[in-house]
Amino acid sequence: MGAIQIASLLLLAGFVWSQATHGAAAAGTTVFTLRNNCTHTIWPATLSGNTAAAVGGGGFELSPNATVSFPAPAGWSGRLWARTGCVAPPATAGAAGAPSRLSCATGDCSGAASCTLGGSPPVTLAEFTLGGADGKDFYDVSLVDGYNVGIGVAATGARVNYSTCGYAGCVGDVNALCPPELQMAASVAEAEAAGGDGASAPAPAPAATTTTVACRSACEAFGTAEYCCTGAHGGPKTCGPTKYSRLFKAACPAAYSYAYDDPTSTFTCGAGAQYLITFCPGHQ
């Protein structure tokens with residue numbers, strides 16, 4: 001990712017965030033703002049790792065160019081991701097007419113509209129631990145479970161030191177680079193519904209034509225210890241990068257490409273930061 005592109009993303013982050021979280025930093029509240037920069041509707045989802053609190057209600061619909069903001073409790077740890085190609089079965093309305101069930105082409109959480117389980121791989125994850133060691137926030141974007149859409153995470157707010165609070169994310173289009181053995185394909189019609197950075201179809205094609213809507217991790221595709229960092233490869237000294245993780249890393253240098261990719265993939269920020277999570281950040 002080039003310095004100019006990072007700078008433009010941070011500038012956009014600061015503008016959107018200033019509109020969405022006025023006063024949040026002063027109150028000491030961590031607020032997540034999610035922006036859909038994709039050309040299609042997505043269904044963001046959240047999953048808490050250390051509390052029963054379902055931030056953002058666990059999931060919701062987000063139209064192109066729309067933003068949604070919600071707070072996270074102190075010490076919250078969890079993940080966020082995008083679901084694509086979602087369809088609500090008939091007669092499944094919940095509170096306020098929102099669907100209680102949802103079937104998604106990527107990132108599905110066992111058919112629930114509000115997730116209490118993780119997204120089905122392959123899926124790009126934004127991961128957070130707020131107020132961790134030394135009171136710092138830890139955050140990253142991970143491709144360890146594969147990739148469906150790009151995600152960018154920018155820390156912002158009056159208390160943020162931009163020299164230390166880095167931009168985490170995946171701006172590159174992994175779907176376009178995905179090798180055949182890792183591709184998750186769908187028909188052109190399904191791909192148009194699923195969207196994503198690499199799921200747009202070429203000109204009209206026969207119904208049988210398929211395209212890539214997500215890219216699996218090598219662990220999911222092959223299930224071996226080498227790729228899953230298990231067994232004899234279950235530690236940082238014995239589990240290193242592979243040709244597949246290097247492909248992910250080349251496309252997304254600021255994202256996790258395999259389980260022990262910590263040095264270039266985990267970011268920290270002091271207390272009081274606010275966070276803008278952008279889906280499809282490469283679409284400016």
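Note: Cβ is positioned from N, Cα and C throughout, glycine not excepted.
When TrEMBL is consulted, the disulfide partner of Cys252, picked from Cys165, Cys170, Cys178, Cys215, turns out to be Cys170. Within the set Cys115, Cys165, Cys178, Cys215, the cysteine that TrEMBL bonds to Cys269 via a disulfide is Cys165.
All protein chains shown were included, and the count of other CB atoms within 10 Å of the CB of Cys115 (disulfide bond) stands at 27. Each residue contributes its Cα atom, and for Cys239 (disulfide bond) and Cys38 (disulfide bond) these two points are 34 Å apart.
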